[in-house]
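Asks: Right, I'll just put the structure down here and ask away after.
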Amino acid sequence: MAPWPELENSQPTSEKYTVKADGEQSAKPEKAKETEKDDTGTPITKIELVPSHSTATLIEEPTEVEDPWDLPELKDTGLKWSERDTKGKILCVFQGIGKFILLLVFLYFFVCSLDVLSSAFQLVGGKVAGKFFNNNSIMSNPLAGMVIGVLVTVLVQSSSTSTSIVVSMVASSLLPVHAAIPIIMGANIGTSITNTIVALMQAGDRKEFRRAFAGATVHDFFNWLSVLVLLPLEAATGYLERLTNLVVESFHFKNGEEAPELLKVITDPFTKLIIQLDKSILNQIAMNDESVQNKSMIKIWCKTFTNVTERNVTVPSPENCTSPSLCWTDGLYTWTIKNVTYKENIAKCQHIFVNFNLSDAIVGTILLITSLLILCTCLILIVKLLGSVLRGQVAAVIKKTINTDFPYPFSWVTGYLAILVGAGMTFIVQSSSVFTSAMTPLIGIGVISIQRAYPLTLGANIGTTTTAILAALASPGSTLKSSLQIALCHFFFNISGIILWYPIPFTRLPIRLAKGLGNISSKYRWFAIVYLIVFFLLIPLAVFGLSLIGWPVLVGVASPIVLVILLVVVLKILQSFCPGSLPQKLRSWDFLPFWMRSLEPWDKLITSLTSCFQMRCCCCCRVCCRLCCGLCGCSKCCRCTKCSEDLEEGKDEPVKSPEAFNNLAMDKEAQDGVTKSEVDASGTKIVSSVTAL
């Protein structure tokens, strides 16, 4: 006897089952239900299993766990090209052209806002950054030099500016090359903050923010890990200084033409109408020139005339005269004739703040707020446009072109080709920050994967050094060697980092670390801001402050912290790969208090502290809020608290049940006491978790 006797003749036939027009199912056999009695006399109802009901019981569908790092499928929700008439096709073409033009316009203003943002940071903190270079005793400490490079680049938002200051100091013999190399390493770290700030603008959607923040911080982790390995190696061996000195001495470089300006030819006409800076003041402050301490960095006169003329001047004694024939005495004064150089102002600059008598800090604050607003607006609009354009076949082609590897056995070549593409694109835009910041929204919406963004970012690091090398070759003969050696140190530092963290897949730690940080930041979005403040401000400032006190104090404070970090890393590795070698208590982090091993208590604390700033709005305000959100297309999570609560109230999770459950036998069974499942308008079964299981 079969374990399921009802299934022996369970083939569906047209004679046994009919479906009426009104959707009810009726069984033709006379005894679909048989009532029996047990020993106690209680009636038992036997229900004959319908085939669709029985298959649901016997077949288990495998559940697939969704990988959050898989690229989303960008489906085309509009009409297909074949379904459009002639008028619709023409409108579609013009609409595509219009979107492409708008995309270029928003991208142009996005790049210009980055340039203005850099100028704003220089006005606000440029003089403070220049003073970091005054203390030569601190600069001799490699660790302090590295954090000075980070702080200066964060404050001026330009690694080119901080590098040019270092080159000027090396050329003036105020700073040796071996002390300048850690500053270059720190500048490489500081320049990666820009695209991390850009990634914060996509915090509205958790999935997009996970990808965007991971794609941005992969640059951070590469630079930090490279410095962690190469800075002690350079301090112990000086290999970068020796290698670059050998290259410079072996090849007889001559002064060349200035580095070509490609993107700046387009952006400078607009940004120079907003603000123009005299960046030579930063170099003079770094060289401890007291005459420019109170001088404004805002350029007032763009056209000047330098004239050399002979004038009668007084000198202390006849020995100071230019020649005996040009020396005479008039009473108590000795006079002579000397060549005097004076500068005559001819034409003022044409920018907004040229006639405003405002301090650098006020102008910098105004530009900082304005440029951040423009940056956020342009980024949001770029993401919306890309989201509407990159759909269907277009998205599939672009994603396949960017993320697909070459066929075996040449698949390994794809990553190195991506490095070359990243270097070439960065050479064109002449800024690694611009290239990586423009790539961040593409990572967020799922066009570029993290695995492909990593080599593109490494190429951007190489591309920005080639621009510096060309700029160094355009230097005058007195500074050619020093500036070229610094630029080559930057180049070989990035090459060494690529050798460490790219060729072998196992060593691509920046990808895994960035994914981990992306998972944490998408769940606790405030942690992204904490990461920026801690790694780019607090840690460098703490190291710099301890360096001011002295090297022994820095070692005494840092050693226990480094030891604890190493113990945590080793314990985490042992827990993951060989937990059997650990005591039972150390196989997990449960022995620690909950607030030390989880961010959930901190999240509750921060949520409670910030709840007073969340907007509570009335019914009328909710209508306005939803109208504004509908116009700008922003995500639901950026709406006010009351609107979000209204949207989440009574929200039932739609679970697509297997087809076997979506049958009329279940409805028949529901009439006998089982809760009937509700079906929404789209045909999706809205069921509870118990019913689905």
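Cβ atoms here come from the backbone N, Cα and C positions, even for glycine.
On a predicted model such as this, the values are computed, not experimentally measured, just so you know.
If you look up Swiss-Prot, you'll see 17-40 marked as compositional bias 'Basic and acidic residues'. Residues annotated as disulfide bond in Swiss-Prot, with similarity to another entry given as evidence: Cys302-Cys349. Summarising the annotation, Swiss-Prot assigns N-linked glycosylation site to Asn307, Asn320. Per Swiss-Prot, the feature region 'Disordered' maps to 1-46. Residues or ranges marked as topological domain 'Cytoplasmic' in Swiss-Prot (evidence: sequence analysis): 1-89, 157-212, 383-408, 507-525, 572-693. Annotated topological domain 'Extracellular' per Swiss-Prot: 111-135, 234-361, 430-485, 547-550, in sequence order. The feature transmembrane segment is assigned by Swiss-Prot to 90-110, 136-156, 213-233, 362-382, 409-429, 486-506, 526-546, 551-571.
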Asks: In terms of Cβ proximity under 8 Å, which residues at least six beyond the ends of the transmembrane segment (409-429) contact it?
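Replies: Residues 111, 262-263, 435, 452, 455-460, 462-464, 466-467, 498, 502.
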Asks: Output the one of Asn307, Asn320 that, of all these glycosylation sites, has the highest number of other Cβ atoms within 10 Å of its Cβ.
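Replies: Within the set of glycosylation sites, the most crowded position is Asn320.
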Asks: For the topological domain 'Extracellular' (234-361), what's the mean pLDDT in this predicted model?
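Replies: Mean model confidence (pLDDT) across the topological domain 'Extracellular' (234-361) is 79.
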Asks: Considering pairs 6 or more residues apart, do the transmembrane segment (136-156) and the transmembrane segment (526-546) have at least three CB pairs under 8 Å?
Replies: yes
Asks: Treating G and I as helix alongside H, and B as strand alongside E, what does DSSP give for the topological domain 'Cytoplasmic' (383-408) in helix, strand and coil?
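Replies: Helix, strand and coil residues of the topological domain 'Cytoplasmic' (383-408) number 19 helix, 0 strand, 7 coil.
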Asks: Compile a sequence-ordered list of residues in the same chain as Cys302 (disulfide bond), six or more apart from it, whose Cβ lies below 8 A from its Cβ; state 'none' when nothing qualifies.
Replies: Gln276, Ala347, Lys348, Cys349, Gln350
Asks: Per DSSP, what is the residue tally for the topological domain 'Extracellular' (111-135) in helix, strand and coil?
Replies: 21 helix, 0 strand, 4 coil
Asks: DSSP says what for the topological domain 'Cytoplasmic' (507-525): how many helix, strand, coil residues?
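Replies: Each residue of the topological domain 'Cytoplasmic' (507-525) counted once, the result is 16 helix, 0 strand, 3 coil.
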Asks: What are the DSSP helix, strand and coil residue counts for the topological domain 'Extracellular' (547-550)?
Replies: 3 helix, 0 strand, 1 coil
Asks: Around Cys349 (disulfide bond), how many other CB atoms lie within 10 A of its CB?
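Replies: I get 17 for this one.
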Asks: At the level of the C-alpha atoms, what whole-angstrom distance separates Asn320 (N-linked glycosylation site) and Asn307 (N-linked glycosylation site)?
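Replies: So the alpha carbons of Asn320 (N-linked glycosylation site) and Asn307 (N-linked glycosylation site) sit roughly 23 Å from each other.
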Asks: By a Cβ-Cβ criterion of under 8 Å, what residues six or more beyond either terminus of the topological domain 'Cytoplasmic' (507-525) are in contact with it?
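Replies: Distant Cβ neighbours of the topological domain 'Cytoplasmic' (507-525) are 68-69, 203, 206-207, 209-211, 213-215, 217-218, 220-222, 225, 450-451, 454, 500-501, 531, 599, 602-603.
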Asks: At a C-beta cut-off of under 8 Å, are there same-chain residues at least 6 beyond the topological domain 'Extracellular' (547-550) that contact it? List them, or none.
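Replies: Those are 135, 138, 141, 143-144, 147, in sequence order.
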